[in-house]
Amino acid sequence: MDERNQSTITEFLLLGFGNLHNFKILVFTLFLIVHIMALKANFLVIVLVGVTQSLHSPMYFFLSQLSLSEILYTGNIVPNLLWLILVGEGRVSVVRCLAQFYFLLSVPTIAQCLLLAAMSFDRHVAICKPLHYASIMTFTHQLQMVASCWLLGFILSLLVYIFLNRLIFCGPNTINHFYCDIAPLLRLSCSSTSSVELVTAIVAFPVILSPFMLIAVTYISIIRTILKIPSSIGRHKAFSTCSSHLIVVCVYYGTLSSIYIFPPRDNSINLNKGLSVLYTLVTPLFNPLIYSLRNQEIRDAIFKYIQSWRMGQAL
């Protein structure tokens, strides 16, 4: 039978976390607090980088863009998660589900991977080629790198979305998750998914593997350069400038690979949901905290911001 002649479904049923019984309000409150803290922390990073003269450098400019991608991602996924916790399950149209995957998942995720690679390149130039840093990392070059990250995010995501949008959904419509992701969509399709899987695999290389390989190569070069520094104080200072970024890279790629590259088996769907909560809720809070706690310039900027706010309140 022609797949187009089959009865197609128009909406999916998101199961969320099911019935949490007496823990519903507790989980909702905890997730809401973490979500608000994550949004405030990332907004604060963007504001501080914009208004603080000492933070007008490539590293912090890239960091502000990383915070923007976190806001776009978690700011659209978590509200739906909170709603599902309260109501137990919810329905979403197929069109909206595919759009959510494109705009809210693919674009920010791809942009984050590429931004992390751009930040590693910035640290490589700063430590390995300090005399050429100003001439290489010009403001124009920074804008070009950031624009390329976002543009590639939109283009590569659009490529997957075009093929995903051609799938036919005519059977079960239940997604045992709290957002629309590509894996459950492929499982629910009653048409061939080979083209989508092929395009996704092709896109995955420049999105995940290429940035990771660039980060690995740059940090090998950075570590070799740091080890050549004669004084221990100089080595500590050099490594401290990139340690925050390295921690964020490990956390980000660790959770990303757990969900997409080495996902749990179907019978471990609850583990997959837990990892997704970590990726969408906790990591966006973790990243700005790591940078603020380990970076003296950001701590000083936060202190000055609080002081100016208090003075304004007093007036």
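From the backbone N, Cα and C atoms, a Cβ is placed for every residue, glycine too.
The domain 'G-protein coupled receptors family 1 profile' feature in TrEMBL is assigned to 41-291.
Taken from TrEMBL, the feature transmembrane segment covers 12-37 (among others).
Summarising the annotation, TrEMBL assigns transmembrane segment to 70-88 (among others). Packing against the transmembrane segment (70-88) from elsewhere in the chain are residues 14, 16-20, 24, 27-28, 31-32, 35, 38-39, 42-43, 46, 100, 103-105, 107-109, 112, 178-179, 277, 280-281, 283-284, 287-288: each is 6 or more residues past its ends and has a CB under 8 Å from a CB in it.
Summarising the annotation, TrEMBL assigns transmembrane segment to 100-121 (among others). For the transmembrane segment (100-121), same-chain residues at least 6 beyond its ends with a Cβ under 8 Å from one of its own Cβ atoms are 59, 62-63, 65-66, 69-70, 72-73, 76-77, 92, 145-146, 148-150, 152-154, 156-158, 160-161, 164, 179-182, 185, 207-208, 210-212, 214-215, 218-219, 242, 245, 248-249, 252, 256.
Residues annotated as transmembrane segment in TrEMBL: 142-164 (among others). Within the same chain, residues 58, 61-62, 65, 98, 101-102, 106-111, 114-115, 118, 121, 182, 185, 195-196, 199-200, 203, 206-207 sit at least 6 positions outside the transmembrane segment (142-164) and bring their C-beta atoms closer than 8 Å to a C-beta of that stretch.
What TrEMBL lists as transmembrane segment is 198-222 (among others).
Under the heading transmembrane segment, TrEMBL lists 243-262 (among others).
Residues 31, 34-35, 37-38, 41-42, 44-45, 63, 66-67, 70-71, 73-74, 77-78, 81, 177-179, 181, 244, 247-248, 251-252, 255-256, 258-259, 264, 299, 302 of the same chain lie 6 or more positions beyond the ends of the transmembrane segment (274-293) yet place their CB under 8 Å from a CB of it. What TrEMBL records for 274-293 (among others) is transmembrane segment.
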